[in-house]
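> Here TrEMBL flags A:HIS135, A:HIS139, A:TYR156, A:ASP320 as divalent metal cation binding site. Feature annotation from TrEMBL assigns substrate binding site to A:TYR156, A:VAL157, A:SER158, A:GLY159, A:GLY160, A:ASP188, A:GLY203, A:GLU207, A:ASN292. Here TrEMBL flags A:65-326 as domain 'Gcp-like'.
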Amino acid sequence: MTIVIGFEGSANKIGVGIVRDGTVLANPRRTYITPAGQGKSNTRGLNDGLYVTSLSLKTAFAAIGFLPSETARHHRSCVLTVLKEALEEAGIQPEDVDCVAYTKGPGMGAPLVTVAIVARTVAQLWGKPLLGVNHCIGHIEMGRLVTGAANPTVLYVSGGNTQVIAYSKHRYRIFGETIDIAVGNCLDRFARVLKISNDPSPGYNIEQLAKRGTRFVELPYTVKGMDVSFSGILSYIEDMAERMVCTGECSPEDLCFSLQEVVFSMLVEITERAMAHCGSQEVLIVGGVGCNVRLQEMMEIMCKERGAKLFATDERFCIDNGAMIAQAGWEMFRSGQTTALEDSWVTQRFRTDEVEVTWRD
Amino acid sequence: MSTRCCLYADSLTNDSKLTVPFPSEKLAWIAQRSLSPDPEPRKGGISKHVSVTDSILNVSWMADEARILRVSVSSFLDHLALVLETMEAFGPPSVSGLK
């Protein structure tokens with residue numbers, strides 16, 4: 001019996017999850033929500049006053065509307081409460097824990113450090129080994145656990161990442177990805193143009209509005225080989241949204257509907273191509289955008305046509321959470337991995353294919 | 001506790017020193033190991049060293065500019081406070097009333 005506790009806080013959610021041999025014992029989470037329309041919706045000059053090293057992260061996170069320092073403050077203020085909740089809900093004592101896992105990256109620097117510090121401190125206080133986990137691997141392993149998918153082609157779609165991934169020879173290999181911003185980032189920033197609420201999330205609110213859309217507005221469709229691009233679509237819709245809505249050419253609902261149809265079609269296309277390439281008969285959708293039911297429907301249609309099976313999870317496990325870090329940590333720990341304290345630094349950039357998958361054949 | 005937390009800064013050289021007493025050497029080392037792994041975010045311009053003597057945590061900074069020093073010290077204090085809170089909540093009984 002192995003119990004792993006996982007700490008996640010790479011973006012605007014802070015979560016602590018506890019997993020015992022494939023069973024999620026607890027998975028509490030808090031989300032830092034900013035008011036609607038906050039931040040800049042313009043892509044130019046986004047990096048003002050922000051500290052993030054990677055250009056993609058810079059545009060991505062600035063644009064979602066939560067700043068690294070404020071998000072870190074949010075995490076600091078509630079991480080210990082969430083940790084206590086997790087232990088209570090799981091009904092375990094710290095001495096029952098076998099390993100303390102935390103998100104090493106990718107994500108925003110300040111929130112990552114905040115959560116890593118708590119993980120390092122409790123690991124030492126409890127005398128338990130520490131384990132740094134790749135956030136993307138956390139999503140994949142949680143998706144596999146919850147759905148039972150054995151060897152799926154994975155579509156990982158969230159506010160900071162858009163990747164099509166398949167497993168081969170001890171790596172999760174990236175078959176296709178965004179060449180600029182993440183799909184969730186595109187949706188979040190579009191939501192800001194229309195002043196759509198960030199509660200519970202901009203993507204959720206777009207999905208609800210899209211259900212009432214009746215007219216399809218033509219938008220640029222940008223698939224480049226195995227990769228996708230969303231920044232052009234975003235600029236286009238940002239430029240014309242106000243005019244079209246004011247003149248009554250279309251409604252905000254129509255725009256939400258059209259944007260979803262276009263970006264999700266692009267994702268389905270590259271996923272299908274990766275499946276054909278790998279001869280895969282399973283698709284797993286993970287990441288925050290993965291709980292969008294319309295995306296799941298469109299993927300399901302493609303899967304049916306190919307005689308493949310779709311696996312998706314709901315918001316408890318799709319959206320960033322502690323249990324996913326605990327689950328990936330569980331697999332890693334069982335295969336003999338741990339992270340020495342001096343190597344436990346966090347990193348804003350950490351690609352999915354950098355991790356050697358020691359727990360799969 | 002007899003000794004007190006002390007922050008010293010030299011405005012001419014942009015050096016800064018911080019000493020923080022802990023209830024035990026063990027806890028001081030835990031803090032040191034929790035706060036040391038992450039390198040300073042900016043490339044160059046600042047160096048930070050965290051060490052332990054007996055039960056006291058010593059931190060020293062050397063920076064090119066006061067602005068960079070201020071950011072680093074203030075973020076370190078936030079992180080230190082979080083370590084102390086974590087120790088209070090999950091550490092041995094001797095830690096209560098640490099802050």
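Placement of Cβ uses the backbone N, Cα and C atoms for every residue, glycine included.
Owing to the predicted nature of the structure, the values given are computational and were not obtained by experimental measurement.
Quick one: where do these features end up spatially?
DSSP classifies A:ASP320 (divalent metal cation binding site) as coil under the three-state reduction.
Other Cβ atoms within 10 Å of the Cβ of A:ASN292 (substrate binding site) number 24 in total over all chains. In the three-state DSSP reading, A:ASN292 (substrate binding site) counts as coil.
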> Please classify the secondary structure at A:GLY203 (substrate binding site) using three-state DSSP.
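DSSP call for A:GLY203 (substrate binding site): helix.
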> Identify which of the binding-site residues A:GLY160, A:GLY203 has its Cβ surrounded by the largest number of other Cβ atoms within 10 Å, counting every protein chain shown.
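Top count of Cβ atoms within 10 Å goes to A:GLY203.
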> Just name the most isolated of the binding-site residues A:HIS135, A:HIS139, going by other Cβ atoms within 10 Å of its Cβ.
A:HIS135
> Return the count of C-beta atoms lying within 10 angstroms of the C-beta of A:ASP320 (divalent metal cation binding site), excluding that atom itself.
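So the number of other Cβ atoms within 10 Å of A:ASP320 (divalent metal cation binding site) is 27.
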> Please list, in sequence order, every residue of the chain apart from A:HIS135, A:HIS139, A:TYR156, A:ASP320 whose Cβ lies within 8 Å of the Cβ centroid of the divalent metal cation site.
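For the divalent metal cation site the neighbour list reads A:CYS136, A:GLY138, A:ILE140, A:SER158, A:ASN161, A:VAL286, A:GLY287, A:MET324.
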> If you draw a 10 Å sphere on the Cβ of A:SER158 (substrate binding site), how many other Cβ atoms land inside?
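For A:SER158 (substrate binding site), the 10 Å Cβ neighbour count is 25.
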> Translate the DSSP assignment of A:HIS139 (divalent metal cation binding site) into the three-state scheme.
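A:HIS139 (divalent metal cation binding site) sits in a helix per DSSP.
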> Rounded to a whole number, how many Å is the Cα of A:GLY203 (substrate binding site) away from the Cα of A:ASP320 (divalent metal cation binding site)?
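Cα-Cα distance, A:GLY203 (substrate binding site) to A:ASP320 (divalent metal cation binding site): 14 Å.
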